[in-house]
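First the structure, in the form of structure tokens, and then the observations on it.
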Amino acid sequence: MNFQAPKGTFDWMPPRSETVLAVRDALAGPARRAGYGYVETPAFEDTGLFSRGVGESTDIVTKEMYTFTSRGGQSLTLRPEGTASVVRAVIEHGLYGGPLPIKLWYSGSFFRYERAQAGRYRHFSQVGAEALGAEDPALDAELIVLAMDGYASLGLRHVRLLLNSLGCRECRPAYRAALQDFLRALDLDEATRQRIEINPLRVLDDKRPEVRAQLAGAPLVTDHLCGACKAYHEEVRGLLAAADVPYEDDPRLVRGLDYYTRTTFEFVHDGLGAQSAVGGGGRYDGLSEMIGGPQLPGVGWALGVDRTVLALEAEGLLAEPAGRVDVFAVPLGEEARRRIFPLVAALRRAGLAVDMAFGGRGVKGAMKAADRSGARYAVILGDRDIEAGAVQVKDLTTADQTAVPLTEVVDVLKGRLS
Ligand code: ATP
Ligand code: MG
């Protein structure tokens, strides 16, 4: 029996997997430096958290969740997104009673039963950030700037920011009604017609060309914003401009989750084909109450790690894999292996990246392994060296080789590699 990774999933293997780590670090870095604290929540939650928090009418809840009944009879779901979990944790731990805003970031695996294709997987990885407890346009703008800085720090030059406002509970109902009137007159399938009644904004997010073609004349939310939403949105735009972050107004931008209000944004990359969104987010002022919490406004984003790696690839920025280690130890014989082992440990404790030849290969095989490791130096120990209390230090780029006393080799290598 041969096992394979399940459909829609895959393995990140070395050396490409190094890029995944680098992307996570780069995307989280700006938020960490802006005072966001790390939060880690479980990979599964009570199913109700997502059905209420993400929204009953969303694709995620209607067809993408991995839901199962635990042995204890509880309905649990593998998390399809992070925001509902973070808000749940903030409520559960009563953080809203402390200093506001609460700023948190996370990184991890998410699960959606999607139609698997390039850039769209059933298991994927996101870095996210959320700021709760303040309704301040500077917070919306801060998060957007942090995400753009994260992409930029990876060297990406073709990430575009699409920006919109979805209004609030004051102005959204009138827009919703106008949109429903428009949509009811279109030629749509039954499922979509139902969606018009439950969550008409979601219809604007339909990706099918035959639907998109009919949406050209749809009323725009930006024409229906109340005064407060308009002013708020203007403030966000002004702050982005002041921070030199270019944006494109996209009055048709809606997002797949039900909880968004006001500021809504997406980061897109043009080198990725249909799955162009490398990240997205927005304000979700009603979410806390939807899941039984206090009134707690929030804004946040989630950035796709896998698609960001694809974007790096599309821009030719996938770094050449660096050498895995600095030093590679080659023992010539059993006695040498016993003696080189503690030397390897000492070199590692001194902070050097060190590997050694395993499996009792001959000199030729061991030297080949040393070359393949990418190490700058090989440390070779033979019987004659043991007698002399020394090791051979070979520079693998120049092939220069010198004997160094065993007692000095840690310092010598540290010096040469610093
Ligand atoms: P899309 O419109 O592409 O389905 P989404 O609106 O469902 O995206 P979000 O829930 O906002 O996406 O997630 C934020 C980011 O996570 C996306 O912009 C994308 O980069 C990434 N992402 C979402 N779903 C997947 C997936 N199935 N596979 C890989 N990455 C994903
Ligand atoms: Mg989606």
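Each residue, glycine too, has its Cβ placed from N, Cα and C.
TrEMBL: automatically predicted annotations, no manual curation.
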Candidates R112, R115, R237, the one TrEMBL lists with E81, G82, T83, Q126, E130, R255, Y259, Y260 as binding L-histidine: R112
Where the C-beta lies under 6 angstroms from ligand 1, the matching binding-site residues among E81, T83, Q126: E81, Q126
Same chain, 6+ residues apart, C-beta under 8 Å of the C-beta of Q126 (L-histidine binding site), given in sequence order: E81, G82, Y106, S107, G108, F110, A302, L303, G304, V305
The domain 'Aminoacyl-transfer RNA synthetases class-II family profile' (31-342) [mean pLDDT, rounded to integer]: 94
